[in-house]
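*Asks:* Taken from TrEMBL, the feature active site, proton acceptor applies to GLU104. The substrate binding site annotation in TrEMBL covers THR27, GLY28, SER29, THR30, ASP82, GLY83, ALA84, ASP85, LYS95, GLY96, GLY97, GLY98, LYS122.
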Amino acid sequence: MSETLKREAAARAIELVEPGMRLGLGTGSTARHFVALLGDRVRQGLHVVGVPTSEETRAQAEAEGIRLTTLDETPRLDLTVDGADELDDRLRLIKGGGGALLREKIVAAASARMVVIADASKRVAGLGRFPLPVEVVPFGLAATQAAVEKIAAHFGSQGAVTLRRAGAVPFVTDGGHYILDIAFGVIHEPETLATALNAVPGVMEHGLFIGMCSTAFLATEGGVVVIENSAG
Ligand SMILES: O=C[C@H](O)[C@H](O)[C@H](O)COP(=O)(O)O
């Protein structure tokens, strides 16, 4: 996706921001455009407060001069704007390609509204083309991975469950956890899979965001397509 299209999707989401709003600030290359545009608005005098979903976004938002808060100080947010790795027509999402899924999900759950910004290539008929990230605690990794592999096989995974790496060492999330990426191909029952993964000791969170997103702005060469989901 070109940076221009990412920015167009972000610009549509900026139109939803109103003075005084409490915002969740997403993570990734598309959310980065939203934070940059928000910084422009703040410099023009807009008063909002934001909760970043990663240390990367925190650093960007601070550099942009956006006032930040925490969910401890501000437990309810008005709007979260974030990217996604995949979404279907019911606005079920896969997130976590950048490893920020745990904070992203906590922030989205604390928000009255979650809006996804992405390009149309992220839209799929069925989730699972993008490997599903599962965040796990380092303690007991082999046992947790074995349990996740069993679930992956039960739910039709045709591929591997892979420990995400950053060079020679495991990738470590902002929360100090590891990521297992499950190659599915197609996930036939995302809701049931989500429940099964949530039940594994050692699994902190997974990248299936179901029933959380209410609106998506998908940028195409021909303009921004809007998908709404009243259940989100
Ligand atoms: O952990 C990362 C997040 O879930 C991102 O929002 C997701 O990976 C999409 O990122 P991008 O906008 O760079 O494609």
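Heads up, the Cβ atoms here are built off N, Cα and C, so glycines get one too.
Since we're looking at a predicted model, the values are computed, not measured.
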*Asks:* Among the binding-site residues listed here, THR27, SER29, whose Cβ has the fewest other Cβ atoms inside 10 Å?
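*Replies:* Each of the binding-site residues THR27, SER29 was scored by Cβ atoms within 10 Å; lowest is SER29.
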*Asks:* Taking the Cα atoms as reference points, how far is GLU104 (active site, proton acceptor) from THR27 (substrate binding site) in Å?
*Replies:* 8
*Asks:* Quick one: of LYS95, LYS122, which of the binding-site residues has the smallest count of other CB atoms within 10 A?
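*Replies:* Least crowded of the binding-site residues LYS95, LYS122, by Cβ count within 10 Å, is LYS122.
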*Asks:* Ten-angstrom check, please: count other Cβ atoms within 10 Å of the Cβ of the residue listed as 'active site, proton acceptor', all chains counted.
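*Replies:* I get 32 for this one.
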*Asks:* Given the binding-site residues ALA84, GLY97, which one has the fewest other C-beta atoms within 10 angstroms of its C-beta?
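*Replies:* Each of the binding-site residues ALA84, GLY97 was scored; lowest Cβ tally within 10 Å is GLY97.
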*Asks:* So for ASP82 (substrate binding site), how many other CB atoms are inside 10 Å of its CB?
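*Replies:* Result for ASP82 (substrate binding site): 31 neighbouring Cβ atoms inside 10 Å.
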*Asks:* Measure from each Cβ of the binding-site residues SER29, GLY97, LYS122 to the atoms of ligand 1 and list the residues where some distance is under 6 Å.
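*Replies:* Only SER29, GLY97 meet the Cβ criterion.
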